[in-house]
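The feature compositional bias 'Low complexity' is assigned by Swiss-Prot to 296-308. Sequence annotations record features per position, and here Swiss-Prot assigns disulfide bond to 80-132, 106-121, 107-117, 155-175, 167-180, 212-218, 346-349, 376-430, 395-407, 437-450, 565-572. Positions annotated as S-palmitoyl cysteine by Swiss-Prot: 640. As annotated by Swiss-Prot, region 'Receptor-binding domain (RBD)' applies to 35-270. The region 'Disordered' annotation in Swiss-Prot covers 276-323. Residues annotated as region 'Immunosuppression' in Swiss-Prot: 548-564. What Swiss-Prot records for 346-349 is motif 'CXXC'. Feature annotation from Swiss-Prot assigns motif 'CX6CC' to 565-573. Look at Swiss-Prot and you will find 665-668 tagged as motif 'YXXL motif', backed by similarity to another entry. Annotation comment: Swiss-Prot describes 1-34 as signal peptide. Annotation source Swiss-Prot lists transmembrane segment at 621-641, citing sequence analysis.
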């Protein structure tokens with residue numbers, strides 16, 4: 001900052017009323033916080049806070065595993081690190097980031113005199129311009145930053161208020177005029193209620209002097225995030241500041257930035273063929289037999305056949321059909337173990353439309369971890385909502401009244417930075433989605449609430465009579481039966497002791513293995529469904545291609561066309577009995593329907609069979625039956641009705657004739673005779 005020898009007053013500040021509008025705008029956006037798009041706020045990422053120089057190169061960084069927007073460490077880069085590849089007056093314009101402290105050391109230090117030293121660090125310091133290229137200059141810089149009459153001040157960059165137009169740009173280190181500074185270590189102690197950071201020294205004067213004498217970076221800063229900075233979610237793009245030394249003459253300065261990096265966000269979707277349909281593998285085909293190769297003919301010998309030795313090949317990845325078959329196979333084994341009467345003969349059906357999974361609320365004991373476990377970093381983007389959870393279980397957080405019916409026990413968590421991990425075979429169903437573990441920091445900072453649930457695939461159980469009746473030619477419409485899902489049949493299996501292997505003996509061990517197979521199949525299918533949803537959300541292809549991304553519907557269509565399942569309404573059904581799951585379910589369905597048809601025909605009489613064997617005869621009879629009945633009624637009751645009608649007409653005619661004759665004659669009065 002260009003400055004005369006006049007004292008610099010801290011009174012020339014920006015009027016606080018000028019900051020009122022930006023402050024209101026900031027408070028209005030304060031609640032607009034979100035985690036990574038499409039992810040759970042409790043998901044743990046590998047977070048890295050980076051401090052950059054004026055060329056946007058990283059010169060210092062710190063990493064940790066935490067949920068987004070919950071970890072705000074103190075950043076401690078050295079002041080000279082910010083000057084690497086920076087302005088020439090710092091003496092480090094040719095030094096790359098992460099370089100060691102350059103220049104000759106002092107001639108005295110903790111290790112004694114050093115060869116090639118430049119000056120004695122113990123001699124009195126002069127008022128030379130502080131630089132970073134030697135140990136002597138870094139010691140002088142330490143004197144400036146710790147002296148009460150000198151120091152440094154920091155001015156915000158692009159995120160400053162619009163009214164601060166006089167603060168300039170990077171050329172003036174965002175400090176072109178007084179009043180632009182918001183933090184620093186100078187005697188007037190600048191401050192701000194809206195800036196994102198505060199900057200101070202991280203070492204005392206005596207500590208810094210000793211480190212400088214040892215030819216190390218000896219001017220570390222302490223950058224702390226303010227409450228306003230902790231509410232901002234734009235750190236991934238970076239924010240920038242300018243720093244200037246408060247010395248006599250022209251104040252030297254530099255610019256630096258702070259940005260956030262986080263990993264484990266999933267694969268990026270390239271522009272091109274849609275990856276959702278890329279792994280639609282067909283059913284495995286048998287490998288062709290190797291062709292015999294003839295050996296070179298030898299003299300006086302017959303040719304011999306030599307079979308080439310098979311070369312080991314890696315098994316192909318599991319296709320969509322195999323994945324869904326594994327899911328149904330695991331469901332069958334778990335059902336056969338717990339309810340063997342249900343698997344005498346049954347059909348297990350996969351639904352083609354969402355939801356593909358349902359949850360059962362359970363009670364369980366979660367584990368408490370001070371550091372994030374490995375499974376907390378697993379991406380959890382499953383679209384299960386609390387409206388699809390049944391039962392009563394363990395709840396955490398502030399549960400609204402509309403969902404308190406799911407809670408048998410509600411726990412309030414204490415403040416702190418720790419993680420709650422769900423027991424094996426369960427997960428947390430929160431109002432933000434599914435997650436294997438919860439962050440106490442996120443729960444205390446938000447209004448999130450969660451329920452401990454078991455996840456069960458939406459596999460529908462049907463008795464054989466219902467399935468066969470849907471494929472038979474029946475003219476009677478029966479009432480739709482109540483569908484039983486796997487969650488209703490096996491709900492509470494995990495916390496009931498089977499998954500944990502409760503008990504001793506073979507039964508408990510087998511039960512654990514059966515459930516683990518189902519659990520593994522569920523996890524594989526959830527990953528594929530999640531991948532399809534992610535690709536669908538990020539797809540840049542045409543609408544017709546997006547419509548084809550109904551992954552589960554396509555998977556079931558492939559199974560149906562391959563004869564592996566029977567299509568029943570919107571479900572793909574597999575036949576199962578005590579021998580196991582039948583892969584060729586369509587052949588089994590045809591066989592059972594043929595058997596039922598023969599049994600039905602054998603129990604019918606010749607008259608009923610006539611109607612079943614001649615469909616045209618049924619149509620003919622139903623067409624002429626009405627006219628024939630009417631004609632028969634006419635023949636039976638027609639003569640009687642006709643006679644009655646004729647007699648009635650005759651009677652009326654006779655009455656009319658009598659009336660006519662009566663009108664032509666007059667009645668004579670009787671004569672009276674006198675005595």
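In case you wondered, yes, glycine gets a Cβ from its N, Cα and C as well.
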Which of 218, 346, 349, 376, 565, the listed disulfide-bonded residues, has fewest other Cβ atoms within 10 Å: 346
Surrounding residues of the motif 'CXXC' (346-349) on its own chain - C-beta under 8 Å, 6+ positions past either end: 328, 331-332, 335, 459-464, 467, 566, 568, 571-577, 581
Mapped DSSP class for residue 175 (disulfide bond), helix or strand or coil: coil
In three-state DSSP terms, the structure that residue 106 (disulfide bond) belongs to: coil
Neighbouring disulfide-bonded residues, C-alpha within 10 angstroms of residue 80 (disulfide bond) - of 107, 218, 395, 430, 565: 218
Other C-beta atoms that fall within 10 angstroms of the C-beta of residue 132 (disulfide bond): 28
Top Cα neighbour of residue 218 (disulfide bond) in the set of disulfide-bonded residues 107, 155, 572: 107
DSSP three-state assignment for residue 437 (disulfide bond): strand
Other CB atoms, at most 10 A from the CB of residue 121 (disulfide bond): 22
Distance check against residue 180 (disulfide bond) for the disulfide-bonded residues 106, 155, 395, 450, keeping those with Cα within 10 Å: 155
Those residues of the chain, 6+ apart, with a Cβ under 8 Å from that of residue 395 (disulfide bond): 404, 406, 407, 408, 409, 410, 411, 449, 450, 451, 452
Cβ packing number for residue 155 (disulfide bond), 10 Å threshold: 29
Rounded to the nearest Å - Cα separation of residue 117 (disulfide bond) and residue 106 (disulfide bond): 5
Number of other Cβ atoms within 10 Å of the Cβ of residue 175 (disulfide bond) across all protein chains: 23
Inter-residue C-alpha distance, residue 376 (disulfide bond) and residue 121 (disulfide bond) (nearest angstrom): 51
Proximal residue to residue 565 (disulfide bond) among recorded positions 107, 346, 640 (C-alpha distance): 346
